[in-house]
Amino acid sequence: MKRHLLEAADLDRADATLVLDTAAQIDQALAGREVKKLPTLRGRTVVNLFYEDSTRTRISFELAAKRLSADVLNFSAKGSSVSKGESLKDTALTLEAMGSDAIVVRHSASGAPHRLANWVRGSVVNAGDGTHEHPTQALLDAYTIRHRLGRLEGVRVAVVGDVLHSRVARSNVRLLHTLGAEVTLVAPPTLLPVGVGSWPAEVSYDLDVVLPKADVVMMLRVQAERMNASYFPSAREYSRRYGLDARRMGALGDEAIVMHPGPMNRGMEIAAEVADSVRSTIVEQVGNGVSVRMAVLYLLLGGAPS
Amino acid sequence: MARQPEPARSDLSSPSAVLSAADVTRVVDRMAHQLIEKCAGAGDDAAGGLADLVLVGIPTRGAPLARRLAARVEAFAGSPVDVGAVDITLYRDDLRMRGVRALEETLLPEGGIDGRLVVLVDDVLYSGRSVRAALDALRDLGRPRAVQLAVLVDRGHRELPIRADYVGKNLPTSRNQSVRVRLAEVDGVDEVVVTEGEQ
């Protein structure tokens, strides 16, 4: 494995499989235990450096690090020296001077973790940067698919919604391709990025055509905070053409599952009865996130400091 | 319990082998008998203390060894024995020196290990650090009534105050030799090999 996890492309097939296998073993080792803690990263310090709001990712990383007995520092830009104008670099160097071994970073600017990785000696884990990548989300999605369907090779995954702004979609397309799954992107033309033709994925504009063939439907959040250029005429129209409701769910195969990275807009991209159905893995994904992030932290930090 | 001195030893697969496949089988059988003998005294029912017993292997090779021991105990005593495995990778004290490695299976019997007699099973007892890590892992998994240790080979050179309760074979070695236990389940063949030079 590389020292940092900045994007899904940092993982080749062997590395990605190692992360998923490690997560599965951790899951199994901790199942039903009263003491859900392992001593592996005792004495290591992990900093969660969050420049953007987050609930599940930050808590998930915090819990993962704590379950491995690392010390965790949570840093959020609000209420810190960032509001006094401190730069990313100075903040990072400050944290490193205090002895952090790994920095988990979320930033609204695409590429911020890459810059950070050049400045610090410890490991950097990208927890979402702008509209670029969110590799641990892709890992936990792949883990969830493998857990539910028993395989990834040849699994047909439909990624539906705002691909243009979605770091989850970017990381998933890359990682799922690495692991042998077949990805189809479904979105209105305005919400597909330029150059999507070069991605290792099919593209479709019609959800109803794709659904019957899909093993996995991954719904993306409509990111209201980024909907500033009339990408679609109205929320109602978007929901009618690209939302997953009970009727559309009926078109899915028997084994097919429905995923969503959260947070959901119920009634917009996904109907409440779909989100709460047995096909939905949404709650499972959150739980799996902790195991997968434990695996990533173990594999990046557990060994000898290079 | 000493094996007969080996005159020809034509059954050994290589000159460096110290136990052949047949030897390994015999040694496992003997350890199974010793387990029965020791546990039978502990319980009051017909199955002796065996219902209480859990054989917990330390992967990689301790796990199949534990399954074999359990199968032999069952064959000799007629009552089934619970088997488990505890991966100790995340409890090792040498991760920082030797780097991370892939994890292996951790699997405990349905009812857990609380109040039961846990016998840890490993292939080679050397420094004792693996056993210490396994003891740490057990502490997080439950509270056994007692913990004992069974090893196929004890090669000496302990670095911690740890000893085995059941030993298949004592093998005096020097530190620059390496002892390899090979088991059919993992390596395709049963044998114990001593070679010169650090592994």
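A Cβ is built for glycine as well, from the same backbone N, Cα and C atoms used for every other residue.
No curator has checked TrEMBL annotations; they are predicted automatically.
It should be emphasised that the depicted structure is a prediction, and the values quoted were computed from it without experimental measurement.
TrEMBL annotates A:ARG56, A:THR57, A:HIS134, A:GLN137, A:GLY262, A:PRO263 as carbamoyl phosphate-binding residues; of A:ARG33, A:ARG106, A:ARG236, A:ARG240, the candidate listed for that same site is A:ARG106. According to its DSSP assignment, A:ARG221 (L-aspartate binding site) is coil. DSSP assigns A:ARG106 (carbamoyl phosphate binding site) to a strand in the three-state reduction. Of all residue pairs in A:ARG56, A:THR57, A:ARG106, A:HIS134, A:GLN137, A:GLY262, A:PRO263, the annotated binders of carbamoyl phosphate, the farthest apart have Cα atoms separated by 16 Å.
For A:ARG106 (carbamoyl phosphate binding site), the count of additional Cβ atoms within 10 Å of its Cβ stands at 26 [all protein chains shown]. Taking the Cα atom of each, A:LYS84 (L-aspartate binding site) and A:PRO263 (carbamoyl phosphate binding site) are about 30 angstrom apart. Between the farthest pair of Cα atoms in the L-aspartate binding residues (A:LYS84, A:ARG167, A:ARG221), the distance is 32 Å.
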